[in-house]
Structures are given as structure tokens and as C-alpha cells.
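Q: This is the structure I want to talk about, given as C-alpha cells.
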Amino acid sequence: MLIGVSGTKFCGCEDVINMLVDHFHFELLNHLDNPEEILDYATKNYTKNSVIFLEKLSLLEKLEKRPFFVHLSIDAPVTTRVALYRKTTQAESLSLEQIIQAIDQHDFQPEGIKLREKSHLRFKIVNEDRRGRRQSLINNITTQLKILDDKEKQMAPLMRPSWDSYFMKLATLAASRSNCMKRRVGCVIVRECRVIATGYNGTPRHLTNCFNGGCPRCNDGDSRNLHTCLCLHAEENALLEAGRDRVGQNATLYCDTCPCLTCSVKIVQTGISEVVYSQSYRMDEESFKVLKNAGITVRQFSFTEEPRIVMI
């Protein structure tokens, strides 16, 4: 594992790096001369735990291609950073305004902004007590290292999602194509870890998009009169795209919102074996009853949002 650490000026990057080296026995790689040398060394020693301080976007762009790389960014309140700055000899004669200007000059360089925004993990240091902050850092680093070094992944790349996370993310991506005024919903149908069909909610093909006035019921803001809605549900779209023959046996339907009752009936008829959903819906109980009576496995799953934000 190689962890690259970046952060705002005087946010505590050095403390985090020193902790990884001293407490968690990571090897510091900042003694290496150039990006190619760093990349070559890290690749040859990818089974070892290493850490490097990231200052240049060009270095990040090389390292982030490797599956064993994790980017951690650090940030802290301005008051904490000003206090740390005052302890340095270069800040002895500076006013508060001058210190803040120096911090801003570092933090708001375009390259630095892009660098920090590309992090996988973001530690927000909010604990003002130094001793409490240190213990919180140890606890949270321990937790995140356990997640990254999950033995169940069987040597898989650090940030590689599980199948459930992968397909639920695809369902969420499909939802971004929704044209419905009410809500965005996405769906993916999978068999043997292969995508059969995707779908999102909105008006049928050749009709005006819902957000352009294509469905009067949705644009009216009325939650009643569902029978007048012209929008297809995400599950319906995916099921129509797949068809019963392509669904076959042991297919799983991933949906970022629990299927409604009418979609549940169609899911049963199409032969889906399992339904995995992320968010609840007001008709959950009726849907569960239909699906479970048909012998369909139903479970809730939510993937970890990225970047992962951790309060210290």
C-alpha cells in the first residue's frame, strides 16, 4: 500500500505522516528524487506499506494509476493553522492578516486545489485538543487501514469495489440519466456478475421528457393520481430492455430505490431471483410481501460514498 498525503498549509500533514511512519511502521519515500523513481520503487515494493508527501499534481497523476495507491488529504480550521504558523520563526513578525494571506496564497493555487480535490480519503481535523486529536488520528487511521486492507478482498486492489458496490454505483449512474421531475431512480439487472440491462425513470421514447413538461402529473407536483403518470419506472425500463429470456435464472436486480408495488409484480413475473436496493420507499411493506411470497431474496445495501470524509 502506498498512501500519498496532501493538505492545506499548516493543517497537520507532517503529524499524519510521522504517525504513519512511527506508529504504523510505514516507509517514507520522500527521499527519492523524481516521480519515475518513486513510481518504480513503489511498484516493486507494492506489498509494503509506504507513505509520501504530495505537493505536485504531476506526481499524483502518475501514482493514482496504480491500484495499490490511496490519496489522503488533510484539512483543519483556520484558527488551528494560524496557531501552528505562529510557532514557526518565519511568522514571528507577521500580523494575523499577513499569516492568513500566506495561507491563502498556498491553498488557492489552481494546482493545489486540483490536487486535494482528487483525494480518496479526506481527514477534517476539528478536535482542538492536541492530545485528543492525536488519539483520534490513531483510532481513525487504524479504522481506515483495516477497511483498505480487508482480507476478504483476497489481495484485490485497495479501492476496488465489491460486486454489490460496483452494481449499485452503476444503478446510481443510470439514475443520473433520469428525466423525471419527481425523483431520480436507476436500475441494473445482472446475471453471473454480468450486466444484462440498465434503466432509469422518465417518459417513454419519442415523448417529450418529463422535465420539459412531458408528464403533466409529475410537473403538477401532485403525489396522487399515479395512474395518470406517463413516466416509466427505472425497473420497468430495465425489465423491458432485458426481456424474460435474457433475464433467465439467478438474475439480480439492483435499484437505488426500493421497487414500488407495481414494479415488484413485474419483477416477479420476469423471473428475477434477488432484489438489492439502497434507499427505502413509502411502499416498502407491500413490495416486500409480494417479492418474498414469490421466493425472491430482498436485501438493502448502500455503498461507501467517495471521497470518504472522516472527522478527526
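The backbone N, Cα and C atoms fix where each Cβ goes, and this holds for glycine too.
Copied straight from Swiss-Prot:
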type     : residues         : note
DOMAIN   : 162-291          : domain 'CMP/dCMP-type deaminase'
BINDING  : H233, C260, C263 : Zn(2+) binding site
ACT_SITE : E235             : active site, proton donor
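Describe the structural surroundings of these features, if you would.
A: C260 (Zn(2+) binding site) is surrounded by 19 other CB atoms, counting those within 10 A of its CB over all protein chains shown.
Within 10 Å of the C-beta of E235 (active site, proton donor) we count 29 further C-beta atoms, all protein chains included. Under the three-state DSSP scheme, E235 (active site, proton donor) falls in the helix class.
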Q: Tell me which residues of the chain lie with their Cβ under 8 angstroms from that of H233 (Zn(2+) binding site), as long as they are six or more apart in sequence?
A: V185, N201, P259, C260, T262, C263
Q: Tell me the Cβ neighbour count for C263 (Zn(2+) binding site), meaning other Cβ atoms within 10 Å of its Cβ, over all protein chains shown.
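A: Its Cβ has 27 other Cβ atoms within 10 Å.
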Q: Other than H233, C260, C263, which residues of the same chain sit close to Zn(2+)? List them in sequence order, counting a residue when its Cβ is within 8 Å of the Cβ centroid of the site.
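A: Near the Zn(2+) site, the remaining chain residues are A234, E235, E236, P259, L261, T262, S264, K266.
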Q: Counting by DSSP secondary structure, give me helix, strand and coil numbers for the domain 'CMP/dCMP-type deaminase' (162-291).
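A: In the domain 'CMP/dCMP-type deaminase' (162-291), the DSSP-based counts are 56 helix, 28 strand, 46 coil.
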